[in-house]
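Novice: Please see the structure below; I have some questions.
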Ligand SMILES: *Cc1c(COP(=O)(O)O)cnc(C)c1O
């Protein structure tokens, strides 16, 4: 069979055998699937050889571009050793080296690495560690086993991580399965729930959390938060100092701070971890997405020596952390993650991101002028563009108009792949995206937003 004749059945087989995540499959079945065969740098290449800019970094995981020679080499080199051996009762060189490197780069005070496979499990591990920690350090006190989190938080799709999340559209169906939590209003400067304006607001948005901690700290095991940016909520950027205040409050009220750096980690915000912008060390930190530069599914939960030590004891004290996965500490994932971190040094990635973030901000200025752009929020290489029906009143587009989806469709025809978050266009390019490519990406987006919103206005 020739290559082109094998392509056609693939689309049909996809429609026949697959079920895609976060996808209305009726709509998917009615459309021709975009089959990505290859990638190179900032581009994805489909089965027909068409090139698209990867405007989502393949959902926030890719950092240094596709087919980076250093990452390709690290994987093939590890393949000549071994693909996988269990981490239960055994260990392996890439996992050991990676843990040492992560601790070197992590906020000071984090000293232990517990591996898993994805962001959701890294969060689950943090929640379970927090609950067991309090049982073991204060066995006679009242139970300290509930969690506080922000509304609109997203921490993953497994039941524990959904319990501490709050995105109505994703989570409502599963309420019967979730454990109860305490939710507080998040900082959202564009639509401040308290009706204040930054910066004269004195960060009043911290008050709900402070009040909760004051009254409930005895029963709270931890506060979980996405540092600096609530990503899936629509790239909501917290005011500077908010995270540092959360840290202070957690310390004051003796509640663990769990930071979910799954989206913000590995240079996305211009520092290795978002916490480091505010000199914050959490008690537990979940990382995944960028950990392997978008090559392999791998995650980790980092914690302090104090928490780790609370799990030590004789076997029959039953303080073991009984949690693990078949692929924990996978050598292929760890080897490519190590190479991923080496690229940060070799290519001065963080300095480059900070410089190119300023360029990106300048490029976005004309977009902010468009009549249906309500707000542009940016933190490094994470951008959210909130589209509104009416700029003066900030009236949102009804969700069923699918404005974000329409803009993304138009971008796709013009060679840019995006995945919107409702009415928010998320722009999360690979950290390696070149200035010329950033310019092209924003130009495509600008024309797509302008034309889509004009078309919609004239149709109604
Ligand atoms: C993506 C994401 C997760 C979940 O990670 P998965 O690997 O998709 O399970 C958790 N937290 C945040 C902040 C994320 O962006």
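Residue 1 is the first one shown; counting continues down the chain.
The backbone N, Cα and C atoms fix where each Cβ goes, glycine too.
Look at TrEMBL and you will find 119, 120, 260, 325, 326 tagged as pyridoxal 5'-phosphate binding site. Feature annotation from TrEMBL assigns substrate binding site to 154, 289, 324, 419. The N6-(pyridoxal phosphate)lysine feature in TrEMBL is assigned to 289.
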Novice: Once the DSSP letters are reduced so that anything not helix or strand counts as coil, what is residue 326 (pyridoxal 5'-phosphate binding site)?
Specialist: coil
Novice: Enumerate in sequence order the binding-site residues 119, 260, 324, 325 whose Cβ-atom distance to ligand 1 is under 6 angstroms.
Specialist: 119, 260
Novice: Grab the pyridoxal 5'-phosphate binding residues from the record (119, 120, 260, 325, 326) and give me their largest CA-CA distance in Å.
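Specialist: Site span for pyridoxal 5'-phosphate, by Cα atoms: 23 Å.
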Novice: Among 119, 324, all listed as binding-site residues, which has the most CB atoms within 10 Å of its CB?
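Specialist: Ranked by Cβ atoms within 10 Å, first place goes to 119.
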Novice: Please compare the binding-site residues 120, 326 by how many other CB atoms fall within 10 Å of each one's CB, and tell me which has the fewest.
Specialist: 326
Novice: Return only the integer: C-alpha distance in Å from residue 324 (substrate binding site) to residue 120 (pyridoxal 5'-phosphate binding site).
Specialist: 13
Novice: Between the binding-site residues 154, 289, 419, which lies closest to residue 326 (pyridoxal 5'-phosphate binding site), Cα to Cα?
Specialist: 289
Novice: Taking the Cβ of residue 260 (pyridoxal 5'-phosphate binding site) as the centre, how many other Cβ atoms fall within a 10 Å radius?
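Specialist: Residue 260 (pyridoxal 5'-phosphate binding site) is surrounded by 32 other Cβ atoms within 10 Å.
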Novice: Pull out the binding-site residues from the set 154, 289, 419 whose C-alpha sits within 10 Å of the C-alpha of residue 260 (pyridoxal 5'-phosphate binding site).
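Specialist: Those close enough are 154.
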Novice: Among the binding-site residues 289, 325, 419, which residue has the largest number of other Cβ atoms within 10 Å of its own Cβ?
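Specialist: The largest 10 Å Cβ neighbour count belongs to 289.
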Novice: Please classify the secondary structure at residue 260 (pyridoxal 5'-phosphate binding site) using three-state DSSP.
Specialist: strand
Novice: So among 119, 120, 325, all listed as binding-site residues, which is physically nearest to residue 289 (substrate binding site)? Use the C-alpha atoms.
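Specialist: Nearest by Cα distance to residue 289 (substrate binding site): 119.
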